[in-house]
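Below is one structure, written out as structure tokens; comments come after it.
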Amino acid sequence: MIKGSTESDAGDTKKQWSLADFEIGGPLGKGKFGRVYLAREAKSKYIVALKVIFKEQIEKYKIHHQLRREMEIQTSLSHPNILRLFGWFDDDERIFLILEYAHGGELYGVLKKNGHLTEQQAATYIASLSQALAYCHGKCVIHRDIKPENLLLDHEGRLKIADFGWSVQSSNKRKTMCGTLDYLAPEMVENRDHDYAVDNWTLGILCYEFLYGNPPFEAESQKDTFKR
């Protein structure tokens, strides 16, 4: 099983964390494999998001390799527009991921509230996303699931790429079809080999969605989306 190994606040020493090191606050969200809570490191008072994943779910859905890969990739990335994974620890039933807290929540929520973004907002977010993806691709990391739900905003409104669950680190082309249908590149839809260009495709999709409120190929059914 995955063992805990984390960075300190300074980022230059290792510490073995446990749940006793944190004061747990309210829930921030819920996913397929667990929940995310607001938390504060008891000694430093540093605010983080604590993602709790149940080992029973990991066993049930056979996601050991996927979770390990997600953790290894995200801890290796350091960019102002990528959500930091500071480290992790576990107990008998759960794995805890210590994540940077994005106070502004999902960009998806902003889109739903306002209907669409201004041209200035869209340009700012696309520029930030482009820089973050260029950084990832320079390290041979493909995210493969860029969408508004996986783009968070910090307390200053700065965009942060989150959720590296489908990410992969490889210079070779990949074959796995993954991600979210409305944002899939043609090569994925057609089950062809793909590379980092699938992330670049989503930039165009998001440009449209930011300005018009919906992704360009959205339809009433998955079948119709595939046709488009």
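The backbone N, Cα and C atoms fix where each Cβ goes, and this holds for glycine too.
Annotations in TrEMBL come from automatic prediction, not curation.
The shown structure was predicted, so the numbers you read here are calculated from the model rather than taken from an experiment.
For Asp145 (active site, proton acceptor), the same-chain residues lying six or more positions away in sequence with a CB closer than 8 A to its CB are Asp163, Gly165, Trp166, Ser167, Cys178, Gly179, Thr180, Tyr183. In the three-state DSSP reading, Asp145 (active site, proton acceptor) counts as coil. The feature active site, proton acceptor is assigned by TrEMBL to Asp145.
According to TrEMBL, the ATP binding site annotation covers Lys32, Lys51, Lys55, Glu100, Tyr101, Ala102, Glu149, Asn150, Asp163.
For Lys147, the entry in TrEMBL reads SUMO2 cross-link. Summarising the environment of Lys147 (SUMO2 cross-link), the number of other Cβ atoms within 10 Å of its Cβ, over all protein chains shown, is 20.
Feature annotation from TrEMBL assigns domain 'Protein kinase' to 22-228.
Using a 10 Å Cβ-Cβ cutoff, Glu149 (ATP binding site) registers 16 neighbours.
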